[in-house]
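Peer 1: According to TrEMBL, the protein has these features:
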type     : residues  : note
DOMAIN   : A:96-321  : domain 'ABC transmembrane type-1'
TRANSMEM : A:12-30   : transmembrane segment
TRANSMEM : A:100-123 : transmembrane segment
TRANSMEM : A:144-162 : transmembrane segment
TRANSMEM : A:198-218 : transmembrane segment
TRANSMEM : A:256-282 : transmembrane segment
TRANSMEM : A:302-328 : transmembrane segment
């Protein structure tokens, strides 16, 4: 098992270094002088320009610059935002819980609907329900979620007035951040009004962000279940007189879940793509919205640091999924 | 009774095996969704080709007499603007029709660029192995690690917003899929007898790559390309929506949505219709791709 973890790690480290190189090169490709860009439209005098060039190491050869950049990264310095002058990593840290809260709820939403839908579709293969689930999930998979969000706002916020249009919580509530997850913090503070407010703000973004994973999970569960249901041990379980429900829920589902879990792990990147759009539509104060604002303000350190941090987090999650998968399924350890 | 017994063997008499293409067509035809997808795509292509004839108005000329006119079935609407007008008096239907031209162009151009580059890189990685392969595949891994939209955004941020740059960014994001498919296919094909025979017969490396091996890896590439068109359209529209793709007044569907966002409260049609167009188009390509996969992949045949 240790050897398995080490081989996986040995693949991750070069990929991460590759990402740093990629981000470094891409940002260097931006036309124009970086100091001028940082100074913005006000311009900068020649003396200060030279000072800043020295300070940021732009007078050094490119390779040295990359080395300096790496050593700063190792020390946890991801640069400072040009607009707010805050360290990128601390801005990321305050906004990231909002993104996690939204993403976790979206995945839970997708699981709660997608797993049962996929299971029933597989058990009742070729029924109307099966065709319905497959049709709906392909539609969900094809959904431009930025439009889906606008539609839901139009229906539930504007027409019916059930949910707020944007934000994370109504302005009259102030919850001291403990965990950074508003739902948990509100409960910890015992403020149920705030909890309800946070929940009602969360519902629509959660549905929007959960739509694509929901479609993927339903399709994946169905095909995994269909494969497992054809196995001999299922027939054996049925033949020895176990109730049908038990065979499906215990014998079949357990094995069918393995590919589904992997797919969920692989959805992290997809989820983040969705988070960028969802947060923009709902003004959700998370990392995705922050990155889009960073681009619109030409705040390149934010873009650079943010991309790198997100890449690192996705790689760590993928690694954990791989390792967990190796733990559940020993065959994986030896075939690679 | 006896007549029935006699009939059966005549009906099921084995004939000559059907031609592969007709076999493919009969498999494809049986899939209702795939045929529906194909029909929608054909209609869209016709609309795009004949946009100048079909569209009742110009997609970019504004008319300050008709701001935010609703569709014809609603009060205040008129059949002159069947699907209503936007905030500066442009006909929505005409913009959607011209938008089909843009979206199909985006899908096809992006996927062509991506498939050609990806196939060549994949063939090179599969044939040459060693350091070249490692460099190419590591690069693809890095591209795959970052969320697709984030990478596209970073690329557009560097190149500057605009339709061309957005297309290039999406093409780069899609690249790894084709490289991986092509490389995997090459590696499984190279050791087969027909390749060895061609090698013995003195075929050069380029001939082996493009004339012997490539035709035998086309099926998965075609399927992935069809599905790629839907991803390309969706991602380009998302970039347009974020203001990083096609710029106004281009009638790109995502850009139209971005323009319409502030009128969501007053005019449902400016928001609903462009998104519906994206959904229908993407769904059609996904249905077609799924149908092609089922028809082309003999492993899935029942």
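Cβ atoms are placed via backbone N, Cα and C, with glycine included.
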Peer 1: Check the transmembrane segment (A:302-328) against each of A:12-30, A:144-162, A:256-282 and return whichever range has the most CB pairs under 8 Å.
Peer 2: A:256-282
Peer 1: Mind checking which residues reach the transmembrane segment (A:198-218)? Cβ under 8 Å, same chain, six or more beyond either end.
Peer 2: 101-103, 105-107, 109-111, 113-115, 117-118, 121, 133, 136-141, 143, 145, 148-149, 152-153, 156-157, 162-164, 167-170, 173, 175, 182-183, 186, 260, 263-264, 267, 270-271, 274-275, 278-279, 281-282, 284
Peer 1: How about long-range neighbours of the transmembrane segment (A:256-282): same chain, 6 or more residues beyond its ends, C-beta under 8 Å?
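Peer 2: Distal contacts: 99, 102-103, 106-107, 111, 115, 119, 145-146, 149-150, 153, 165-167, 204-205, 208-209, 212-213, 216-217, 220-221, 224-225, 227-228, 288-289, 291-292, 310, 314, 317-318, 320-322, 324-325, 328-329.
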Peer 1: Is the transmembrane segment (A:100-123) packed against any residues at least 6 beyond its ends, judged by a Cβ distance under 8 Å, and which are they?
Peer 2: 129-130, 133-134, 137, 180-183, 202, 205-207, 209-211, 213-226, 229, 248, 253, 256, 260, 264, 267, 271-272, 274-275, 278-279, 284, 286
Peer 1: Given a Cβ distance threshold of under 8 angstroms, which distant residues of the chain, six or more beyond its ends, lie next to the transmembrane segment (A:144-162)?
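Peer 2: Those are 200, 204-205, 207-209, 211-212, 274, 277-278, 280-282, in sequence order.
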